[in-house]
Amino acid sequence: MESPIPTDLSSSEFLVDSEVAAAAAAAVVRELMEVIETVGSYAGFRKTQRKDCLNLVRRLKLLVPLLEEIKDQVGNPLGVSGSGMDSLVSLKKALLGAKKLLKNCNHGSKIYLAMESEAVLSRFHGVYDKLNQALDGMPYDELGVSVEVKEQVELMRMQLKRAKRRTDTQDMELAMDMMVVFLKTDDRNADIAILERLANKLELHTIADLKAETAAIRKLVKHRGGHNETVQQILDLLGKFKLIVGIDETVSLDGPISTRTLRRCQSSLIPNEFLCPITLEIMTDPVIVATGQTYERESITKWLNSNHRTCPKTGQTLDHLSLAPNFALRNLILQWCEKNNFELPKKDTYPSSYTYSADLMEEISLLVKDLSSSHPNVRRDAVMKIRMLSKENPENRISIANTGGIPGLVQLLYYPDSKIQEHAVTALLNLSIDETNKRLIAREGAIKAIIEILQNGTDEARENSAAALFSLSMLNENKILVGNFNGIPPLVSLLQNGTIRGKKDAATALFNLSLNQANKSKAIKAGIIPPLLRLLDDKNLDMVDEALSILLLLVSHPEGRNEIGRLSFVETLVGIIRSGTPKNKECAVSVLLELGLNNSSLTLAALQFGVYEPLREIAINGTNRAQRKANSLLQHMSKCEHIP
């Protein structure tokens with residue numbers, strides 16, 4: 001019998017080499033187990049990828065029994081073959097890729113991860129592929145892996161393959177909100193209600209959240225090698241989120257660290273009670289609000305000027321808006337600074353800030369008066385400047401309303417000059433970002449005038465009129481007003497014949513308005529169904545999701561079902577269910593289910609068009625919501641046709 005030891009090595013040399021190989025294999029196994037332990041300790045996965053991350057971590061933990069058995073085997077100097085070592089190295093590369101992805105989803109920019117959700121999902125799929133490839137050639141027998149553990153690993157591989165085919169959609173509200181806030185033009189602002197809702201969905205609604213997001217964006221820019229259009233969009237949205245909580249500052253990612261940042265780093269031992277709860281900076285002019293909480297005067301003033309009427313720290317509604325100087329705390333801060341040789345930040349004094357505000361208030365007051373000037377050029381200049389001022393910040397929007405700007409702008413909606421009308425409706429769109437202004441604008445009779453411009457104005461005026469109606473209709477009472485003033489037919493016309501931006505503005509407005517039951521009937525009578533069906537066929541517009549979302553609202557109405565429930569539409573839905581995106585499929589299945597539950601003949605028609613097999617695929621591999629809807633539809637079909 002031949003010796004297993006090669007003839008060109010002595011026994012001692014062979015054992016030494018084998019021990020080195022075993023030690024190397026043991027080191028790789030330890031690294032693999034450390035990676036799994038590390039990713040298992042992550043606790044802050046971003047909301048947009050949380051489910052994918054938790055699923056991946058759970059599957060990686062299923063590898064622990066495999067690694068423990070291999071760890072026992074590699075202790076035997078003859079227990080690691082070349083193919084076994086290669087498999088371990090491949091698995092190490094796959095796990096390190098998974099760790100990098102999970103770390104990014106735990107520490108990365110929340111805004112970026114939401115924007116790039118499709119690309120991040122592709123990275124998950126890439127990790128699934130690498131894990132599968134590494135496990136595919138694993139020599140279980142040589143590595144001493146038991147049958148039970150091998151079966152467990154193979155089950156995990158099946159889960160990975162299934163996860164590769166399945167895609168969980170972003171919820172429709174988040175997708176539409178992101179679409180609206182990134183629809184960037186020179187004269188459009190995202191509605192504050194949408195921004196606040198988006199901030200909550202992305203979990204960026206506290207000072208600490210925003211500071212952590214700023215740090216994450218800095219790392220992102222450094223990693224990507226500088227600014228680009230995507231980074232600028234992220235910075236713009238971050239700035240809007242900061243304004244919501246009362247922080248007015250520009251994030252500089254390219255320049256040196258600011259003096260304020262350096263000072264904060266040096267003063268990490270500042271007592272917490274000396275720090276403003278809003279900015280986390282040491283206070284130079286502390287003031288007390290109605291709840292008894294203390295803030296830096298500048299910070300709480302910005303918060304209140306942003307039309308907030310609550311205490312940022314407690315969330316309680318403020319009984320009054322008076323600010324009382326906290327002299328006792330200021331004296332303690334000064335004593336601490338002197339004792340610790342700490343220099344307080346130099347800030348503009350309150351009087352100079354007040355003087356600036358007074359000058360601006362005077363300018364706004366004069367512009368509002370000029371809205372009623374008998375000279376057309378004066379009116380045009382005034383409304384154009386108010387349009388720009390209303391775009392800039394929340395304080396301007398409140399000041400314009402408080403000085404009587406809304407009635408003047410509403411009057412100009414009827415002025416026989418298309419450019420003045422365009423400026424006026426856009427200014428009102430900007431003013432409507434403020435929640436209080438929404439009611440004031442409607443109370444002045446603006447909705448009826450905006451609808452007239454929507455019917456007869458320039459392309460830009462019509463687009464901004466649709467956006468204004470969307471913003472105003474965030475209030476339920478305004479949804480009713482738009483419907484009663486016959487605002488839905490011109491929106492349907494814009495959806496059918498407008499520019500690309502006009503179609504998108506009309507779609508978002510009609511979606512919002514159709515949340516009201518009476519408006520659903522009005523939209524159907526206005527002929528909304530045909531243009532929505534055309535949007536399903538026009539792939540260049542990329543508005544299939546919007547069209548299906550509105551159709552899903554309308555199909556719950558009897559008139560909508562009668563109008564939509566045609567064989568040609570059922571065939572279109574089946575085509576989307578067969579080959580659409582995961583979002584498309586989910587919505588199309590929901591629409592078909594609603595139709596089928598109310599008309600079994602449509603269910604049978606869908607079966608004839610070949611919906612059964614793709615529907616079964618969705619029931620296994622679709623999004624969670626799509627799976628539920630698909631299973632409900634399959635059960636209904638079995639009753640209609642007795643399908644086993």
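In case you wondered, yes, glycine gets a Cβ from its N, Cα and C as well.
Here is what TrEMBL records for this protein:
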DOMAIN    269-343  domain 'U-box'
REPEAT    404-446  repeat 'ARM'
REPEAT    445-487  repeat 'ARM'
REPEAT    486-528  repeat 'ARM'
REPEAT    527-564  repeat 'ARM'
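Same-chain residues lying 6 or more positions outside the repeat 'ARM' (486-528) and placing a CB less than 8 Å from one of its CB atoms are 176, 179-180, 183, 185, 447, 450-451, 454-455, 459, 462-464, 466-467, 469-470, 473-474, 476, 479-480, 534-535, 541, 543, 546-547, 549-550, 553-554, 556-557, 559-560, 563. With helix defined as DSSP H, G or I and strand as E or B, the repeat 'ARM' (445-487) counts 34 helix, 0 strand, 9 coil. When DSSP labels each residue, the repeat 'ARM' (527-564) comes out as 30 helix, 0 strand, 8 coil, counted as helix, strand and coil in that order.
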